[in-house]
């Protein structure tokens with residue numbers, strides 16, 4: 001009996017610490033989200049979920065919710081599509097492979113805020129590097145307002161999001177590729193398998209657990225990503241690039257609606273929890289089958 005209960009006693013301090021660090025803020029958020037709150041965070045009367053009702057009644061929140069889904073799917077999906085071939089190339093034995101790996105990983109080591117500042121400068125409509133390059137190549141005659149136009153601002157931010165997510169995803173896939181025995185490729189080559197057949201029958205099936213890890217971690221990371229959107233456009237022009245996290249920031253620190261901002265936080269937490277649980281169950285069942 002003592003041997004059975006000992007592990008629980010050993011992890012009890014960590015569980016208590018996790019409860020204080022994680023669950024107490026969530027409980028406090030729920031308390032704020034279900035009460036009227038002034039700008040100074042003072043709770044008033046219980047409002048019976050009026051903050052949630054007010055959110056879903058506004059077009060700004062619904063647009064931010066939809067845009068968050070597009071942002072997350074596009075960035076995570078784009079990063080996966082780019083990272084797999086990059087990881088396969090970097091896993092090959094060629095001269096300068098170590099240097100190439102360092103170059104690919106460098107953007108991951110740079111602050112995301114600084115990266116967003118550099119891209120904001122590069123995409124400047126008047127003196128940005130991208131417009132200058134396109135002018136030099138003779139592809140455009142007039143400057144394009146990349147971040148000042150609703151039609152181009154969000155797609156460019158998605159592109160930047162993909163580029164800054166690729167290094168982390170590539171690192172995960174490199175770890176997966178290094179665990180695949182070379183004997184499998186040698187045996188398939190002797191059987192006359194092409195590179196595409198090797199990828200389809202060997203590489204990708206054995207890489208699936210790492211793909212699942214990348215999807216879950218990147219979804220959480222991208223879903224909550226604040227610097228790229230905020231630094232580049234602050235959700236503009238005219239809230240056309242707002243996602244949930246920037247909409248939350250505006251509600252809390254610009255409009256002083258702390259109750260609605262807390263409600264947004266709880267909705268975001270619920271979305272991530274539901275996604276993570278469902279995806280892990282689906283991936284586990286597919287691996288077992």
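Note that the numbers count up from 1, one per residue, in the order the chain is shown.
Backbone N, Cα and C define each Cβ position, glycine as well.
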Listed range which Swiss-Prot flags as transmembrane segment, given the options 239-259, 260-280: 260-280
Annotated range (Swiss-Prot: transmembrane segment) out of 36-56, 99-119: 99-119
Range among 9-29, 177-197 that Swiss-Prot annotates as transmembrane segment: 9-29
Selection from 9-29, 70-90, 144-166, the stretch that has most Cβ pairs under 8 A to the transmembrane segment (99-119): 144-166
Stretch contact, the transmembrane segment (260-280) with the transmembrane segment (9-29), Cβ-Cβ under 8 Å, 3+ pairs: yes
Beyond the flanks of the transmembrane segment (144-166) by 6 or more, those residues with Cβ under 8 Å of it: 67, 70-71, 74-76, 78-79, 82-83, 86, 104, 107-108, 112, 115-116, 119-120, 123-125, 128, 130-131, 134, 218, 221-222, 225, 228-229, 232-233, 236-238, 240-241
